[in-house]
Structures are given as structure tokens and as C-alpha cells.
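Novice: Pasting a structure below so you can have a look.
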């Protein structure tokens, strides 16, 4: 029926004019412009390319990624995987990449937490707390990140040496060698318990999905917490107990001029993490604040009028709406944290940029070194934005 | 009728004298009660925060003012070392402030970069005033930037020649930011227009440029400028380091500004484009006379915010060894006598950055409020 009522003229294609070879034909102009721009750009690229090839020949630099298999001979202070200077450049770069991810992932989590707290504090009815949060945001956002990193690093370096280390809590030492804290001696049992926890978390998530679907059918809400408790706490504990429940704590001890044992957070990593987290938290706080303010007051009042208790108001009514406003700008903050972690090179934390830079200085492979850095960041940026787009699509407003 | 009875009954009630609200609701006490001590939890938070703030403030005043050393005779930093961290050593700033502001520029000629800084600030102030927003402003920019070039380089009008390697300090930061802005902005407009173009090749080039630049950190571009640019150029041709970094910053800022401008182009209603087409305007007339004046006005507040980010990002040139404000600060404490006084220097340098960024940020907020005023009506 609907087809017969539609105006048939809407389906008629516009008349096709033959292409006239004249400047007044829009399509001809378009083609000419494009050929011109592409040609010009191509010429510039070709000119740069031929210069580069010539320069490389003159300087006898061989191109290609063959250097990756050569021995690196560059010492790396901290690494998540086994590494010594006799390993290849490829392995050194992998260590750098892992170091970048280490600071980016931890930074994202901490910045989100602190940023959310500050954002909420800025909306607090407590005048003092709100003013303090506002001052924090203003100051932190108006100072260059690099300056903040250097500042924190200068403060950490100005701390007393290991012998006069500060001890804020018994067993935790803060000195110019970084932060030392007790840590469990890692054994297989712990790895398996961790694996059990991850499996438990996945299981809980699957159960939640199934329970929500069932609830859609019969309207019965199902309790989530017994399953979560069993799968994420009891199961790992059982696995850990099955392996004999090993529990030895490795306390840091002062031996000679430095500490032995325990876990170390190097001053470089600590300063980078502190700077990145506090800086990005300032931006995240503003995003969270804007997101919460974007939910109209009527929504709060309507939810309260329905008799929901405050937790439910926040969880079911306000947050889902605020998140829609928060997620897109949050994505770009996560991307910024990752990209800004490249400033590590200024304070001597060996991330991918720092190691690639040393590599290109040692081998002279400037083009390949820069290409590696760019490729790594493009890949990370793309992955984060794909994930966040997926999440954004999931929480987006579903309209009938 | 019921109205009438109601009225009369009301009228018969003797008018009560207006009473002021209870003392606990108004004035200082009322304010304190609503804003700081509205509940037990709130009072606890207030007291805790107040305690921490006051303790920190006392500590800071003791460190920064009471116990501080303001100057020392000829590089004898023993007085500072004796403080052992309980007081600030502002002597490092007193001693090195010329170096931090002007770098290694010849000492007798320091008035030249100082004048340049004033010219830059004047340029910003004039550009910020709405009554000067007209075409002539572009000419003012060109004139001032040319004057700054003459002042810095010298070699004419009786000014002695100062090679670029000796420039440094605050003026380099301002040069990188201002010249970067002046060139990145037109580039950004072209790219934003290109990205919305119907011509597939031009659109593809613009999308590729923007996404590629936005996906990588500025440092990688600066590294590219410092180690790869020399390979790109024919033998014997050499661009100095500052210019190379400037090009990298322009390319970087161009991509980010382009996205802001594109936001403005998209926010404009379709009717404006169609109306311009209907008048028979050419593409460039349509863009220049109808679209851009409206689109740019819409995005001025986010543009200022991007400028702030971009002003802060110029500090990254430290990593490739260009002598901007932050590098000058970092270099000032390399000398053994002054080692270990980084905190004081970074606080001072931070204060300079803060003044510029805070002014821009307040300006952008005021502008936004002004632009939104007509919508509230």
C-alpha cells in the first residue's frame, strides 16, 4: 500500500548530462582540482623520497628491518620479561612496548578513579570540598604535563637516600631509589589462583547476561552476588589452597647502600605514573562533572518519586544517562594518556619511544625507528578507539 | 462569588509585621550551615579537609617564605644546602631568572627578547578584543610578527646580528606557539573544508592526514623533525632545528584544529549552504562569505581550549633539545652549584605557563557565556 502512495517522481534518476569539456562543468572542475592536488602532493612526496634514497646512499645506511635481529647491547633498568643487553633489538623494543603498556594501563585505571572522585567532589554541596576540587582542576590543567613530570621527578630525586628512607607505613620505604614495598613471593599457586579469578570473572559476567535475559522473560530478578562471590573469591582461594596455600612475604631490607627484596617502583616509573595520573584526572574530572550535570534534575526527582532508593537512582537512572555523555570524551582522554606516556623519555623511563630512540641513535636507522614508534601508537590508538566505540554503541540510547 | 468571600476574609486578617528569617538561616551562620555543616558527614568532611589544607598551607609558607633563602653571594650555595629541604632556595631563581627568560641571548641585548615578549602579549590582548575582530587584524599580525623577526635576528637598523642558536627562554615558547598558530590555523581551515569536500581524492588525503597525526604522539613528530627531515632534503640544503620543530608543531596543531573547525562546519544548518548555492555563489565565495564567518564564530571557545593545549605542548621541544622556557629552566640547574633545586625552578616556570594558560582559559569561559547569552533569551 505504502508504495502506491509514494510519489513515483521521487524514484526518477536525475537527468545525466554528458560531460562537457568546459570550466563551467562542475564535474570537470572537480576532476581538474583533484588531479592537481594529487599530482602536486605526489610530486612533493616523490621529491622527498628521491632525496632520502640519495642521502641514504651517500651516508651508506642500509634500509630495512634487518637490524632488529642484531644484538642490542643497551641496558634496560626495568622490564616485565626476561631481558639482558645481549638480546636482540626486537626483544629490547618488546620490553619498551610492555613498559609503555604498563604505565598506560595503570594510569588509565588510576586517572579514572581519581578523576571521577574529583569530578563528584566538585559538585559536592560542601563548599570547601567543591572549591578545593575546582582549584585542583584549574591548576593541573593549566600547567604543561612535561613540566609536571619534571617537577615530580625532581621531588622524588630530592628525597633522602636509602639509609634515611622515609617510612610512611611500616615495611614501605620511600627514598630517592623509589618506592619499596613488601610483596608476596610469586609461585605457581599464585599464577593458577589468578587464572581461576579471571575465569571466575568471565563466568560471572556470562551468568549475569543469562540472568538478565531470564529476567526479561519472567520478570524475576536473580541475585548476582552469591555467584560472584563463589566464582571470583571462593574458587581462586580453593585453587590456592589446593596448591598448599604458599604465603611468604618478601620484606624489603636495607643492605649496605640499597634495599634488597620486596617490590620496587622506580622513581622514573613513579614520577611518570604520578604526573600522568594527576594530569589526566583533572581532565576526566571535568568530563564526569559535565556528564552528571547533563542529566536533568527531573530525572533524579522522578526516580525518587517512584520510590527507588538512592543507590538505585544512581545505578539505574542517572549513571546510564550520564555515561552516554561521558564515554566519547573519556575515550580521547584514554588515548591521550597512552600518547602522553611517550614523555617518559624526558625523565629516563624506558618506554617504547625511549628505546626506539636509543636504537635509532645506535644503528642510524632513523626512518625505521620512527616508523616503529608511529606504528605502535597507531595500533594502540586504534585498538582503544575500537573498544570504546563498541562500548559506546552498547550503552547508547536504544530507541524503538 | 467564592472569590469575593475569600477576598474579604483575607482582608480582615490584620497584617502581620514582616519577620526576618531565624538567625541560623541568614548571614554568615546561615551560609556556614548550608555550605559546610549541613549534616554530620558534611561537617566531618569539612573539618578533615580544613585540617589538611591548613596544615599544608602552614608547611608551604614555612618552606617557601619563612625558611627560604632569597639570594646568595656569587654562586655560594652553601646557605641553601644547609637548609636540607626545610626551606626553599629562591636564590636559584634570583640568580638565573635572566637565563630562564632569555636563554643564552647576549646579555646586553636582553631588551630585544623582552620587547618581543611584550609585543606578543600585546598581540594576544588586541586579538582577544572583539572590537578588533576584522580583516585588518591579519595585517597587524603580519606586521608584529615581522617586527619580532627583525628584533630577534637583528643585523639591520643598527641592531647586532644574533644567530638563532643563541635564542632561548620564554620568547622561544611564544614564537613556537604564535607562529605555529598563525600557520596551523589556515591549514586547519583548508583541511576541514577538504574533509567535507565531495571530491573523493581530496577527502581521502585530508582524512588520512588528520587521523595519522592524531594517532601518534607529538614527540614522534618532533623526533621525525629532528632526525628524519635532514634525510628528506637534498644534499647541502639545511633547515635549522627551530624551524624543523616549528614545522612539526604546525602539522600537529593543524590536524587538531581541523577537527575543531570541522565541528563548526557541521553545526551549521544545511539551509545556509543551500541558500548560498541558490544565490549562485561560487564555492570560494560561499565558503568565505557565508559559511566560515558563521562556523568559526561557533567554535571560538573550543578553539581557545585547543590553543591552551597547544601552548602547553610546545614545551615538548625540550626532548629534542630546543631552548624553550622549560628547557631553559631545566638547564639552569645543571650547573653543579645549583643542582638539586629543581622544585623551585619548576614552580617558577610553572607560574609563567599558568599565567598564560589561565588567562586564555578564563577568556574562553567568558566568551562562551557571551556567545550563549542570545540563546537564553
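The backbone N, Cα and C atoms fix where each Cβ goes, and this holds for glycine too.
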Novice: So which range, A:30-49, A:50-69, gets flagged transmembrane segment in TrEMBL?
Specialist: A:30-49
Novice: Quick one: which of A:9-28, A:169-188, A:269-288 does TrEMBL have down as transmembrane segment?
Specialist: A:269-288
Novice: Which stretch, out of A:84-102, A:103-121, is listed as transmembrane segment by TrEMBL?
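Specialist: Result: A:103-121 is the stretch TrEMBL calls transmembrane segment.
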Novice: At a C-beta cut-off of under 8 Å, are there same-chain residues at least 6 beyond the transmembrane segment (A:133-155) that contact it? List them, or none.
Specialist: 118-119, 121-122, 124, 267-268, 270-272, 274-276, 278-279, 281-283, 285-286, 340, 343, 346-347
Novice: So if I exclude everything within five residues of the ends of the transmembrane segment (A:30-49), which remaining residues of that chain have a CB under 8 angstroms from its CBs? That is, six or more out.
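Specialist: Contacts of the transmembrane segment (A:30-49) (Cβ under 8 Å, skipping residues fewer than 6 from its ends): none.
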Novice: With a Cβ cut-off under 8 Å, give me the same-chain residues at least six positions beyond the ends of the transmembrane segment (A:227-249) that come close to it.
Specialist: 182-185, 187-190, 192-197, 199-201, 203-204, 207
Novice: Would you mind listing the long-range same-chain contacts of the transmembrane segment (A:269-288), meaning Cβ under 8 Å and 6+ residues beyond its ends?
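Specialist: Residues 78, 102-103, 106-107, 110-112, 114-116, 118-120, 122, 133, 136-137, 140-141, 145, 148-149, 151-153, 155-156, 178-179, 322, 326, 329-330, 333, 336-337, 340-341, 343-344, 347, 349.
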